[in-house]
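**Q** Below: one structure in structure tokens.
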Amino acid sequence: MNWRTIIYVVLLVSLTVAKALPGTSQDVEGKTSIGQRFSQLHENNFKAIALIVFAQYVPGRTFGIAARMAERVTALARSCAAAARDSPDCLKPLDRIFFDTICQEKNLPRIADCCAKEDSERNDCFLSLKNFSQGFIPPLQRPDAKAACRNYSQHQQPLTAYFTYEVSRKHPFLPAPTILSAALRYEEMMKRCCGGEEDPSQHLEECFQTQVPKVVMPVREDALRQEHTCGILKKFGERTLKALKLTQISQKFPKADFVTVHKLVMDVADMHKDCCRGDTLDCMQDREDLLQYVCSNQHILSSKIQQCCEQPLLQRSECIIHVENDDKPAGLSPHVREFIEGKGICERFAQEKDTHLARFLYEYSRRHPEFSAQMLLRIGKGYEDLLQECCRPGAPSGCLSRGEEELRKHIYETESVMRTSCDIYNEKGDYYFQNELLMSFTKKMPQLTSTELIKFTKEMTTIGSKCCQLGQDKLLPCAEENLDLVLGEICRRHLADPINPGVCRCCSSSYAFRRPCIGKLEVDESYVPLALTPGLFAFHGDLCTTEEEKLQHRKQEMLITLLKYKPQISPEQLGSVTAAFSAMRERCCGEANPETCFLKEGPELIKRSEKMLSA
């Protein structure tokens, strides 16, 4: 059976996957053999998932090698299921069989040391290779349309399986269900663009140009979210990750009791620990167990997830993540005064600090779906600080009562920041709003390249277009939680190549306060401005392009250079320089030879601008 058919079969797999590929501990404790796994999962599903495992653990090798290893381990599983159940090879834990198969290959890069180790040490060694391989493989590229359709029509290459392999090796930490969902979208794209019958008038290149983002973007978004979550776990620890998941789960399932929510938080945190380690098998098992629990307990969790739980397994997780929050229980007060006015608060805080704080966060989060998870974490931290101050010996009476006033103040400040940002976006539109962000972030982080600054501020502008049209009850969760992803990217960039002390402080001190901290950063005083060299400001004929997007990009690059040259530039000075530049551009682009005009007028503009800036 060909690989394309295999992928289709995988995408129809049911909850048997939950039992089919457990991690090391379950294999050892349950004595479940590879033959039993093969029977539960069936050959085609087993083989496709094996391809993902090998592509992720040995990303430096070819598709042929990964497919050959998948064939080999599938053949063993088939024989174990048929007759050889008592063979020593059939009784090995599944992870050991996979690693033994890798170690049988010759000349694989950097695996000799791992293969010399035993069991858990060998597993950890292979996981470290995943970390090493990240960043060395180029991102997915748009396929050559004609060649792809020729291969698709002639069945000369197992294209969907090859796509699965490419996504797996480029994203070695991405969960298998996400990859298999991407494979389905890829197959649908190939049918739509190469089939010809449904829409014969559609141009091949245009079809791929339209459809490729629908295939690639969900992979990138899921990979970004996975990397973001793992970054939180790595930098701020398990306690912070659990607190974040507690707020999110409490908002999504406000009718669930604290014990149920706490169980889900622990399970989700354990899943992320395995996934962030890169343990493909344990990650997959954890995810399927979690889905099975959620869908088996809909009656105590949410009335909104029935439709998700009726979907094929691979769509279930994404559906539940994006489903709207359940309705709050009737009569649920917006306040939690029992945590301020109740008796024995300080005793409970002293005896069971984390549980008491978790109950407060649970109760407050389930009451306020209109708040972002990050804001709720800041509220939780404010409550913890209040208890530490008011529960100490000698604290004045009525100390706790000021908590509500401080809470209202923080809520007002956060909502004001978001409203102001949206007012600016609605007034200026995408391009000029991004320019405002560029001016702010170039001063905060002048060490970033022009490409990085434009990329990050473009992502922030997209958040404005997405969130500022929403009502007040949806604005904060949309804006701050999406902005958190971009700030996470910036902080991971800082971790790889330090930006400046201010960014270091904001990215390291507190996850919940990262956004307000970066928002308050001003001009980086440690930065040494660019020197005015002959080539710093270069004006050429490309400024006369009629393609608005290219012209805007060129202008933004020049704006960044100007800000790196004069970080303390005032709005008035910037306005004067911009007006002088626009006049020069209009004049030169009206000439028969714009390049000659720019060569003459450019140096004069720089001299005049220098006088404006030194005034």
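Heads up, residue numbers simply count up from 1 along the chain you see.
Heads up, the Cβ atoms here are built off N, Cα and C, so glycines get one too.
Pasting the relevant annotations from TrEMBL:
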SIGNAL    1-20  signal peptide
DOMAIN    22-216  domain 'Albumin'
DISULFID  Cys80-Cys90  disulfide bond
DISULFID  Cys103-Cys115  disulfide bond
DISULFID  Cys114-Cys125  disulfide bond
DISULFID  Cys149-Cys194  disulfide bond
DISULFID  Cys193-Cys207  disulfide bond
DOMAIN    217-409  domain 'Albumin'
DISULFID  Cys275-Cys283  disulfide bond
BINDING   Asp279  Ca(2+) 2 binding site
BINDING   Asp289  Ca(2+) 1 binding site
DISULFID  Cys295-Cys309  disulfide bond
DISULFID  Cys390-Cys399  disulfide bond
DOMAIN    410-607  domain 'Albumin'
DISULFID  Cys422-Cys468  disulfide bond
DISULFID  Cys491-Cys507  disulfide bond
DISULFID  Cys544-Cys589  disulfide bond
DISULFID  Cys588-Cys597  disulfide bond
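Quick one: where do these features end up spatially?
**A** Neighbour density for Cys80 (disulfide bond): within 10 A of its CB lie 24 other CB atoms from the protein chains shown.
Neighbour count (other Cβ atoms within 10 Å of the Cβ, all protein chains): 16 for Cys103 (disulfide bond).
Annotation for Cys114 (disulfide bond): spatial neighbours Phe99, Cys103, Arg122, Cys125, Phe126, Leu129, criterion Cβ-Cβ under 8 Å with sequence separation of six or more.
Sequence-distant contacts (6 or more apart, same chain, Cβ under 8 Å) of Cys194 (disulfide bond) comprise Ala148, Cys149, Tyr152, Ser153, Leu204.
Summarising the environment of Cys193 (disulfide bond), the number of other Cβ atoms within 10 Å of its Cβ, over all protein chains shown, is 26.
Using a 10 Å radius centred on the Cβ of Cys283 (disulfide bond) and all shown protein chains, the other Cβ atoms total 25.
If you draw a 10 Å sphere around the CB of Asp279 (Ca(2+) 2 binding site), it holds 22 other CB atoms from the protein chains shown.
The Cβ of Asp289 (Ca(2+) 1 binding site) has 17 neighbouring Cβ atoms from other residues within 10 Å, across all protein chains displayed.
Note: Cys295 (disulfide bond) has non-local neighbours Ile305, Cys308, Cys309, Arg316, i.e. same-chain residues 6+ apart with C-beta under 8 A of its own C-beta.
Around Cys399 (disulfide bond), the same-chain residues six or more apart in sequence whose CB sits under 8 Å from its CB are Leu386, Glu389, Cys390, listed in sequence order.
Here the domain 'Albumin' (410-607) returns a mean pLDDT of 94 for the predicted model.
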**Q** Which disulfide-bonded residues from the set Cys193, Cys207, Cys275, Cys283, Cys588 come within 10 angstroms of Cys544 (disulfide bond), judged by C-alpha positions?
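**A** Candidates kept after distance check: Cys588.
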**Q** For the disulfide-bonded residues listed here (Cys115, Cys149, Cys207, Cys390, Cys507), tell me which residue's CB has the most neighbouring CB atoms inside 10 Å.
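**A** Result of the Cβ crowding comparison: Cys507.
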**Q** If you measure from the CA of Cys589 (disulfide bond) out to 10 Å, which recorded positions from the list Cys193, Cys275, Asp279, Asp289, Cys422 are inside that radius?
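**A** None, since no candidate lies within 10 Å.
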**Q** Just name the winner among Cys125, Cys544, Cys588, Cys589, Cys597 (the disulfide-bonded residues) by count of other CB atoms within 10 A of its CB.
**A** Cys588
**Q** Calculate the distance in Å between the alpha carbons (Cα) of Cys507 (disulfide bond) and Cys275 (disulfide bond), and round it to a whole number.
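**A** Between the Cα atoms of Cys507 (disulfide bond) and Cys275 (disulfide bond), the distance comes to 23 Å.
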**Q** Output the one of Cys90, Cys309, Cys422, Cys491 that, of all these disulfide-bonded residues, has the highest number of other Cβ atoms within 10 Å of its Cβ.
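**A** It comes out as Cys491.
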**Q** Taking each of the disulfide-bonded residues Cys275, Cys468 in turn and counting other Cβ atoms within 10 Å of its Cβ, which one has the fewest?
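**A** Among the disulfide-bonded residues Cys275, Cys468, the sparsest Cβ neighbourhood within 10 Å belongs to Cys468.
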**Q** Write down the Cα-Cα distance for Asp289 (Ca(2+) 1 binding site) and Cys283 (disulfide bond), rounded and given in Å.
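**A** Cys283 (disulfide bond) to Asp289 (Ca(2+) 1 binding site), Cα-Cα distance: 10 Å.
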**Q** Pop the Cα-Cα gap between Cys115 (disulfide bond) and Cys422 (disulfide bond) into the table, whole Å please.
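**A** Answer for this pair: 55 Å between alpha carbons.
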